[in-house]
Amino acid sequence: FSFRKLWAFTGPGFLMSIAYLDPGNIESDLQSGAVAGFKLLWVLMLATIIGLLLQRLAARLGVVTGLHLAEVCNRQYQKAPRIILWLMVELAIIGSDMQEVIGSAIAINLLSVGKIPLWGGVLITIADTFVFLFLDKYGLRKLEAFFGFLITIMALTFGYEYITVKPDQKKLLQGLFIPYCQDCGTPQLEQAVGIVGAVIMPHNMYLHSALVKSRQVNRANKREVQEANKYFFIESCIALFVSFIINIFVVTVFAEAFFEKTNADVNAVCVNTSSPHSALFPNNNETLEVDIYKGGVVLGCYFGPAALYIWAIGILAAGQSSTMTGTYSGQFVMEGFLNLRWSRFARVLLTRSIAITPTLLVAIFQDVEHLTGMNDFLNVLMSLQLPFALIPVLTFTSLPSVMNDFANGL
């Protein structure tokens, strides 16, 4: 084992792990904490472990064959299934981009104390395109460092909320290691399914299989291929462990502070602190329902304005970082399935335009409730798209004709 070699292979796994920290994930985390307390932490852990195993297979495919998943699909499938797969993955990429736009718009609205309306935040996210393209010119290692910086911001901001709220450590450990959900009903089951859809993203397997190609590996040398597989797996373990810890921060903060709270409880606290957002919570005994926007507001009411702004910075970092996931995935998928090479600028512009249009319409003509409600719908969409990535990656990694001596065997 060599730390120098691990450092040389470090990067693709952290870029891939961003998909485990996008605004859709954060919303799923906070809702599962508010609805089920600590009881669904084991679902989050299992989903992350399954995600790690699938990412390992995707990375192995890229390292062993020198082709990413979309390119292998192009070679192995007939035209009809190839086009269907491409359309399904594109749908997942657009859905992911919409979540990034929604998260960034809400974060900008919170940070500006409502002075920048939601539709204004949506328009500002167009600038992501140019920022990303500007960074991309400086090389992949610089880009990897930048997104490492954004992950660090998320760890610090959500870690601050965790330290401020001080969740019960015993309940946390029980939730992680006891796969049981006492007194759970339909809402808790829906959250459990939502966690899986938010964590395991279909287009992320296409992305990871392509990112590993950025490192030079002599595929004629079996030992070098084994070594690359080993270090990419170690790096993926570290990256997903970091993302898992950040997700735990969010779940446990809302499980500790807001589980079984009513609208009246929160309304009373917000009124006492003279929060301008008190009207969000009607004075009734219905169970509190939270989303990314309300989550920041209730944190501000209970733990001071600093908690609200730090939460918003974390959401903004999550939204900005997940831009890369959709952009790179879209490029690799289009090139692989269609043999169509577009400039990155044109590719980003197309995806972002498709993502922004419905989001902008909802932001202008509806309210924040409908905007954040789109995140729940998009998490369900991700769940429905999963087979279109799972079946190819599981199939190809088990075929000796594709993987040679590195076939899965299961």
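In case you wondered, yes, glycine gets a Cβ from its N, Cα and C as well.
Bear in mind that TrEMBL entries carry predicted annotations, made automatically and left uncurated.
Listed in TrEMBL:
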TRANSMEM  31-54  transmembrane segment
TRANSMEM  84-110  transmembrane segment
TRANSMEM  116-134  transmembrane segment
TRANSMEM  146-163  transmembrane segment
TRANSMEM  192-211  transmembrane segment
TRANSMEM  232-255  transmembrane segment
TRANSMEM  297-318  transmembrane segment
TRANSMEM  345-365  transmembrane segment
TRANSMEM  377-396  transmembrane segment
Stretch with greatest number of CB pairs under 8 Å, the transmembrane segment (377-396) reference, 146-163, 192-211, 232-255, 297-318 candidates:
192-211
Tell me whether the transmembrane segment (232-255) sits in contact with the transmembrane segment (84-110), defined here as at least 3 Cβ pairs under 8 Å among residues 6 or more apart in sequence.
no
What stretch in 84-110, 192-211, 297-318, 345-365 has the biggest tally of Cβ pairs under 8 Å against the transmembrane segment (31-54)?
192-211
Find the member of 84-110, 146-163, 192-211, 297-318 that has more C-beta pairs under 8 Å to the transmembrane segment (345-365) than any other listed stretch.
84-110
